[in-house]
Structure formats: C-alpha cells, structure tokens
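Colleague: Following this message is one structure expressed as structure tokens.
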Amino acid sequence: MNTTIMLFLLQDGITNGAIYALLGLALVLVFAVTRVILIPQGEFVTYGALTYASLASGQMPGTAKLALAMGVTACAFDLFVARKALHGRLILRSVVANVVLPAIVLALTIYFAAQKPSVAVCIALSLVIVAMIGLYLYRIAFQPLAHTSVLVLLIASVGTHLALQGLGLLFFGAEGQRGPAVLSGAFTAGSLRFTGQSLTVYGITIAFIVGLWLFFGLTLYGKALRATAVNRLGARLAGIRTTLSGQIAFLLASVIGALSGIMIVPITTLYYDSGFLIGLKGFVAAIIGGLVSYPLTAAAALFVGIVEAFSSFYASNYKEVIVFMLLIPVLLLRSLAAPAVEEEKD
Amino acid sequence: MQSRLPILVFALVMAAIPFIPGMPPFWIVLLDNIGLSALVAMGLVLLTGVGGLTSFGQAAFVGFGAYTTALLTTAYGLSPWLTLPLSLLISGLLAVLLGLVTVRLSGHYLPLGTLAWGLGLFYLFSKLEFLGRNDGISAIPPLSIGSFKMLSPGSIYFAIWVAVTLSALLTMNLLDSRTGRAIRALRRGHVAAEAFGVHTPRAKLLVFIHAAVLAGLSGWLYAHLQRAVNPTPFGAQAGIEYLFIAVVGGAGYVWGGVLGAAIVVILKEVLQSYLPLIVPGSGQVETIVFGIMLVALLQLAPGGVWPWLMSFLPERSGGRKPDTSLKLEQRPRASGQSSILLQVEKARKQFGGVVAVNNVSFDVQAREIVALIGPNGAGKSTTFNLITGVLSATSGSISVLGRKVDRAPPQEIVKLGISRTFQHVKLVPDMTVLENVAIGAHLRGHSGPLSSMLRLDRADEAKLLAEAARQIERVGLAEQMHQLAGSLSLGQQRIVEIARALCVDPMLLLLDEPAAGLRHMEKQQLAKLLRDLRDGGMSVLLVEHDMGFVMNLADRIVVLDFGTKIAEGTPATIKTNPEVIKAYLGVAA
C-alpha cells in the first residue's frame with residue numbers, strides 16, 4: 001500500500017467518521033435524557049437528505065405534509081390529556097406549536113418547491129421540517145411511555161422506525177437521490193484533495209461537538225437536561241419539566257440527523273432505507289463511547305469511519321461484517337472493565 | 001405451574017385442528033409460521049422477560065440452525081434427523097461464544113450489542129461463498145419418517161407443534177425448579193442471588209444458550225418447511241420482530257410467546273392482504289400501520305396481552321404446602337484451626353478519596369450475638385459487604401475460622417456458612433415467599449438445568465421446598481407462604497430475608513437492620529428468634545439503629561463512627577462510654 005492510498009482512505013474514513021460522530025452524539029444525548037435508544041435516528045438522516053434533494057430538484061417532499069399530520073395528532077394528544085382542565089391559553093399554545101407552525105412551513109414548502117429554491121432555502125426548510133417531525137414524534141410516541149422500562153421504549157423506538165421508514169418509501173420512492181453540494185469548490189494539499197463539502201462536514205461536526213459541550217456545561221437548560229438524565233424524579237422535584245427536556249433532546253437529535261443527511265447526500269446516493277445502516281454505525285460509536293461520553297463517542301466514530309474505509313478497500317464484501325463485529329472486542333473490554341457491583345433496576 | 005392439564009388440552013386442540021373439515025390450507029401455513037415464531041419468542045421470554053437480558057440477535061441463531069441443516073443435507077447428504085442435533089449444537093455453541101462476551105453486560109449495552117452482532121452475522125450469511133451468498137441454499141430435502149415425506153405445510157405442521165409443545169413444557173419445568181429460581185432472580189440484580197451461591201454469569205449464559213437452542217430448532221424446522229434458505233429472514237428486522245412478539249404476548253410468560261406469535265403473524269397477514277384494498281398504491285403501507293400499531297399497543301398495554309387475558313381468570317388459590325417432614329441434609333460444617341468464627345483485622349475500604357471503613361478490627365465468637373452500631377454513614381453496611389465478599393477490602397484481612405477469605409467472591413463466603421440479609425430488601429417481588437426463601441437453599445440442592453427440564457429433580461426439589469417452608473414457619477410467616485413477596489409489608493419482607501438466610505443453614509447470620517419497619521411486638525418476636533438461634537449454636541452479627549432492641553439483645557457491641565471503630569464492649573459499658581455518647585449526641589452531651 002502506498003501513502004497516497006492510505007491518506008485517501010484516511011480522509012474518506014474521517015469524513016464518514018465525522019458523520020457517525022454527529023449521529024453518535026445525538027444518540028447519546030437522547031438516551032441520556034429520555035432513556036430512548038433512538039433507532040429512528042437513521043430516518044431523520046434520510047428525511048433530511050431526501051427532503052433537501054427533492055426540494056433542490058423542484059419536487060414537493062411529502063415530509064412537509066407528514067409534519068402537519070403529526071402536529072395535528074400531537075395537538076390532539078395534548079388536548080386529550082388536558083381535557084379535564086382545558087383553558088384558552090393552553091389550547092392556543094398547543095394549536096400554534098403543533099398545527100399553525102407546520103401549516104405555515106407546508107405553505108412555504110409548496111411555494112418554494114415550485115420555483116427551484118436556492119441551496120440555503122432548501123437546507124433551512126429541510127431542517128425545520130425534520131425538526132418538527134422529531135419534536136412531534138416525541139410527543140406522540142415517547143412522552144406517553146416516559147415512565148416505562150428501557151425495553152418498552154426500545155420496542156416503541158423500533159415501531160416508529162418501521163413506520164417512518166415505510167413512510168419514507170411512500171414519500172421518496174425506491175429510487176435513490178443525490179443533492180447539490182452545500183459548498184462547492186475544492187483545493188489540493190500535497191496529494192490530497194479537499195472538497196468544500198468535506199470541509200463543511202468537518203466544520204459542522206466540530207461546531208456541534210463544541211456547541212453541545214458548551215450547552216451542557218454552561219447553560220441552565222443544558223444542566224436541566226443532565227439533571228433529567230441522572231434522576232427523572234429528582235429533576236421534577238427540582239422544578240425541571242422533564243417533558244421539556246425530552247422535547248429538547250428530540251429536537252436536537254432530529255436537527256443533527258437532518259443536518260448529517262444534508263451533508264452526506266451530495267457525496268453518496270441515499271435511498272429511503274439508507275438511514276438505518278448509517279444510524280447503526282453511529283450506534284456502534286455510541287456504544288464504544290459507553291452511551292455517556294461525548295468525546296469518547298466522537299473519537300470512536302472517527303475510528304469506525306476509518307475502519308470502514310480501510311475494510312472497504314481491502315475486503316469490500318465484508319465491510320459491514322467487520323464494522324459490526326468490531327463491537328465484540330469492545331464489548332469484551334467493557335465487560336472486563338465493568339464494575340463488579342452493579343444493580344439493575346427496571 | 002403445577003397442573004399439566006392446560007398443556008394437554010392445548011396439545012389435543014392443536015392436534016385436532018388439521019382434521020377440521022374444510023380447514024383452509026392457508027390457515028395451516030399460518031399456524032406453521034406461528035409455531036416457528038413461537039419457538040423463538042419462547043426463548044426470548046426466558047431470556048428477556050424472566051432473565052432480564054434483551055436480545056435483538058435471536059434471528060441470527062435461527063439462521064445458524066437453518067444454514068447448518070441446509071448445508072449438511074444438501075452438500076453432504078446427511079439425513080435431516082442427523083442434522084437436528086447438529087443444528088441445535090451449533091446454535092448452542094455460538095451462544096456460548098457470544099454469550100461469554102455479552103451476558104456480563106448490563107442494561108442497554110446488551111440489547112445494542114446483540115443488535116450489532118445480529119447484523120454482523122446477517123452480513124456474514126449473505127457474503128459467504130459456501131452458504132450461497134444472497135441466493136442462499138435451495139433444494140433442501142423434506143423431513144421424512146420411513147417413506148412418509150413431510151412435503152406439505154400440513155404434514156410438517158405436526159413436527160412444528162410437537163416441538164412447540166415440548167419446548168413449552170421443558171421451559172416451564174425449568175422455570176419451576178432450583179435453576180429456574182436462580183434465573184428468575186437475575187432480573188433483580190446480582191448481589192442477592194450471589195449471596196446465596198448462585199453463579200450469576202453462568203445462569204445468564206444458561207438462559208442465553210436455552211434461547212439460542214430454541215431459535216436453532218425453529219431454524220431447523222424453517223429450513224425443512226421452506227426447503228430453501230436465504231439470508232433475508234435472519235436479519236436485524238427479524239430479530240426485532242421476535243422481540244416484539246415476546247413483548248406483545250407478555251414477556252414474562254411462556255404462553256405469552258405463543259400468543260404473541262399468533263397475534264403478530266395473523267396481524268401481519270391481515271394487514272398484507274386487506275390494506276391494499278383500503279389504501280391502494282405502492283409499497284409498505286403495512287409496515288407503516290404495523291409500526292404505528294406497535295407503539296399504540298405499548299401505550300395501551302405495556303405488560304403484554306397474556307397477563308391482561310389471565311387477569312380475567314378466577315384467581316387460583318395458593319399452592320400446596322410442601323411436605324415439611326422431608327429432611328434436607330445439613331450443610332457440611334467448615335472446620336478450621338481457630339475457634340474464632342469471624343475475625344476482621346484492620347479492614348480498610350477506600351472509594352477514591354473517601355475512607356468508608358478505616359482499619360476496623362473485631363471478631364465474632366461461636367454462639368454470640370454481636371451488634372455493629374454507629375451513626376448513618378459510619379461504614380456498617382460497607383463492613384458487611386467486605387465480610388460477604390460483595391466488595392473487596394483495600395487492605396487488612398478477614399478470616400473465617402482462621403482461614404483468610406480476603407478475595408473470595410460472595411458465592412464462596414456463603415459456602416463457609418455465612419449468610420446475610422440486606423439493608424434495602426432484595427427479594428424477587430413476583431415470586432412467592434416460598435420460592436424466594438428457597439433461593440437461600442440453592443447451595444444445598446444439586447439438580448441442574450437438564451434434570452429440571454426433564455423433571456428428574458423432584459425429590460431434590462421437594463426437600464428444598466420443605467426446608468424453605470420450615471424456615472418460613474420458624475420466622476412466623478406460614479400464612480404468607482404462597483403470597484407474592486412484593487405484596488408483603490416492608491417489615492415482613494425483612495423477615496422473609498431472614499428466613500432465606502436461615503435456609504443456608506448458616507453458622508453466622510449477618511442481619512442488616514432487621515428490625516427496621518417492624519412493630520413493637522414483631523421486634524420482640526424477632527429478638528426471641530435470634531436468641532433461640534444463638535442458643536441453638538448460631539452466631540449473629542447485626543447492624544441496627546434501634547438502641548433498645550440492640551441493648552437488650554446483643555452480647556457485645558462494636559461502635560463505628562466515620563469508618564473507625566470507637567468502642568467495643570458489653571451493652572452496659574457502651575451505654576456509658578463517653579466517645580459513643582459524643583458520636584451520637586455531639587460534644588457537649
């Protein structure tokens with residue numbers, strides 16, 4: 001192997017790894033706050049990517065309608081739960097957040113889709129649409145289950161993954177799509193060529209990692225989220241609205257997912273079901289990071305990306321096998337390091 | 001679980017179904033599929049619902065069962081009946097390999113780990129040349145008995161449902177045994193089970209293998225039903241679906257697995273055949289509806305359908321009282337060089353910078369009640385954990401009858417005849433008092449999982465239950481013997497823990513705040529019981545906050561404060577010790 005190939009593979013691996021890092025971070029975030037292992041994270045990726053690609057090619061993405069439908073359902077859930085104590089402000093707030101907002105976004109989407117919008121508009125619309133889907137998803141599927149076990153939440157997570165993936169096929173068809181580059185242009189350094197797209201990927205990943213770190217370390221909301229993660233009941237007693245924490249977590253996760261999707265779709269063709277596998281690789285990273293540590297997850301994600309790049313070069317048939325089997329030695333190490341006294345609760 | 005009648009009825013009904021005139025053949029195909037899923041789900045019930053280990057990877061074991069027989073019957077011409085044990089063996093061996101890695105993980109690592117290797121193995125199936133890559137293996141011979149070939153779904157139906165019924169029977173037998181109790185205790189954490197000699201990693205591995213073998217059996221049947229295998233049905237989606245089946249049916253119940261399989265298979269079929277009529281158009285509408293129904297079902301009935309159905313049946317009156325005339329052999333007494341039962345010498349435990357136990361020394365002689373007292377945070381429970389091997393001391397030594405046991409795990413300590421109760425009650429709430437107490441006698445039984453499944457353990461089992469019943473009567477809870485432990489008051493649960501500890505046949509009993517939550521009369525009964533035990537030759541070391549209780553009961557008292565021993569002596573001297581008064585009441589007292 002010569003150094004050029006090696007550097008090239010390394011670069012490829014780091015680009016992919018950066019995406020996995022973002023997804024891994026989102027998974028860690030959601031798990032820590034809500035105890036949900038977010039399998040539909042992959043759908044946020046594909047929804048973001050394909051909404052962006054559809055808009056850019058002047059098509060109307062079905063996700064905007066889905067956001068409205070989910071918003072209406074979420075509003076119905078809100079009103080049903082509060083049926084004994086309905087008052088004007090509550091109704092107004094729920095209707096504005098869950099119905100009026102997605103309706104406006106839908107109108108904007110219809111307006112812009114007809115006239116091949118600019119890249120910036122496509123990104124903004126895709127992010128808003130997927131963010132709303134994430135938010136309403138928490139309200140509909142997970143908030144009513146917030147008190148149950150990790151297992152029940154996991155199964156619910158699988159259910160939402162199946163439904164969203166099916167809807168993805170309905171909206172975007174079985175054909176793959178590619179989107180326009182977020183940042184075009186490229187420069188070369190030595191034998192390596194850096195595209196604007198890959199630099200965007202690095203930049204956004206670093207920005208998110210620093211941003212999350214600051215958010216959790218310095219802001220009150222970040223601390224509230226951490227408190228919820230440690231002890232739900234205690235957080236509630238301290239006046240933290242745990243549903244709000246869950247909403248923030250899902251909102252962040254869906255934005256991160258959509259953003260990752262938008263960044264990948266100019267590089268590789270994405271299909272309605274591609275997200276699952278991409279999300280799972282984020283998982284692998286998150287597990288290596290122990291589902292708690294952000295820096296470790298990011299490092300692990302880079303490692304996963306690099307392993308994937310090298311194994312696709314040397315043993316492309318066994319690429320997925322190698323990536324997923326990577327977990328076994330990691331689990332083994334974690335097993336050996338696991339504390340002897342550990343009590344599970346359910 | 002005692003009655004075998006429901007199983008017999010079930011078997012007869014299932015046997016009769018194909019003979020119903022006008023039975024559509026398609027329904028038989030559905031029933032075949034239900035049976036195949038039920039086998040896997042049954043394993044998951046044991047693994048996830050009972051043992052608390054969530055696995056997304058069961059589909060991979062189905063795949064191993066199916067591919068083993070497919071390869072051996074097509075490439076090497078072996079008879080399917082020969083490949084059956086091989087299929088089960090391969091699934092089981094793989095479970096040992098993967099299990100050794102994964103079962104020690106707790107909580108969320110385990111499901112994610114299983115998901116990952118489930119996926120990895122799926123890709124392996126689809127890439128390996130000798131397994132036919134994505135095309136798989138076809139032209140697998142059918143099962144046959146003599147010249148009778150099970151070619152149709154109607155003929156293999158019997159093989160499938162015999163397998164389901166037998167597996168259910170064996171699984172239920174296993175749960176209702178010495179090993180079963182150890183498995184059922186797993187979900188509540190390790191510490192309690194290990195304190196009574198259960199080797200928890202081994203118990204976890206056992207359920208893991210059991211579930212994998214059932215999955216392998218399902219795969220073997222699948223291969224001979226379809227007579228072709230390809231990787232698709234063994235992927236992550238299938239693994240997820242099996243878990244879903246178990247949760248829908250009721251993850252804690254063997255029959256919940258069968259019911260869940262019926263619900264899910266029929267539901268999918270109905271969705272697939274009728275949805276296109278309602279919602280015309282492309283694609284995966286049934287997947288969407290399926291996913292939404294899954295979430296809705298969890299929101300409405302998180303416990304599953306089986307327990308919900310069972311709640312309509314009249315409540316069964318409690319089980320039979322075990323025949324207490326059966327004697328369980330006494331545990332062989334450990335003999336040692338020293339007459340001092342327990343000697344703690346300069347034991348020290350540091351958690352990072354915190355010194356929880358600071359060079360504490362004391363001993364317990366034979367036939368003696370020693371109390372360990374001190375303000376909250378004095379290190380009393382940590383001392384208990386050091387003695388029983390839950391924690392290992394940073395320095396210092398602990399000897400039993402003169403033999404050092406510093407690094408011994410809890411399972412070894414209990415073998416020396418030291419048993420304990422816990423400050424925070426650690427019973428299995430959904431097991432009866434009798435079953436909980438019988439865990440205490442775990443080391444005094446000998447039956448393994450295989451003999452339990454085949455019911456060869458009954459003589460052993462009867463003795464264990466008899467011993468448990470005797471100890472329950474001794475502590476005065478005979479009335480509550482068949483109630484669920486979780487339904488008792490906290491004070492009673494503490495007494496149940498004492499009965500469980502007594503089942504060990506201990507020479508030293510460690511009680512962590514046994515009188516907390518008891519009423520005055522109950523405390524007096526407890527004190528009497530402990531005195532009787534001492535007079536019978538047992539020693540007791542107890543942590544207690546109720547001073548009246550301690551002062552009247554203990555022969556000797558050791559006082560700890562901030563991890564350090566500040567006094568030791570008879571109750572009379574402790575009461576007047578200025579150091580002790582200072583620790584409890586402050587300086588100026």
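Positions of Cβ are set from backbone N, Cα and C atoms, glycine also.
Quick paste from TrEMBL:
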- A:20-42: transmembrane segment (TRANSMEM)
- A:62-81: transmembrane segment (TRANSMEM)
- A:90-112: transmembrane segment (TRANSMEM)
- A:118-138: transmembrane segment (TRANSMEM)
- A:150-174: transmembrane segment (TRANSMEM)
- A:201-222: transmembrane segment (TRANSMEM)
- A:248-271: transmembrane segment (TRANSMEM)
- A:283-309: transmembrane segment (TRANSMEM)
- A:321-341: transmembrane segment (TRANSMEM)
Colleague: Are there 3 or more C-beta pairs under 8 Å linking the transmembrane segment (A:90-112) with the transmembrane segment (A:248-271), counting only pairs at least 6 apart in sequence?
Modeller: no
Colleague: When you scan the chain for residues with a C-beta under 8 Å from the transmembrane segment (A:283-309), skipping those not six or more beyond its ends, what do you find?
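Modeller: Non-local partners: 9-10, 12-25, 27-28, 31-32, 205, 209, 212-213, 319, 322-324, 326-327, 330-331, 334.
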Colleague: Out of A:62-81, A:150-174, A:201-222, what stretch is closest in contact terms to the transmembrane segment (A:20-42), meaning most Cβ pairs under 8 angstroms?
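Modeller: When the Cβ pairs under 8 Å are tallied, A:150-174 comes out ahead.
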Colleague: By a Cβ-Cβ criterion of under 8 Å, what residues six or more beyond either terminus of the transmembrane segment (A:150-174) are in contact with it?
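Modeller: Same-chain contacts beyond the ends: 34-40, 42-43, 46-47, 50, 54, 61-63, 66, 137, 141-142, 271-273, 275-276, 346.
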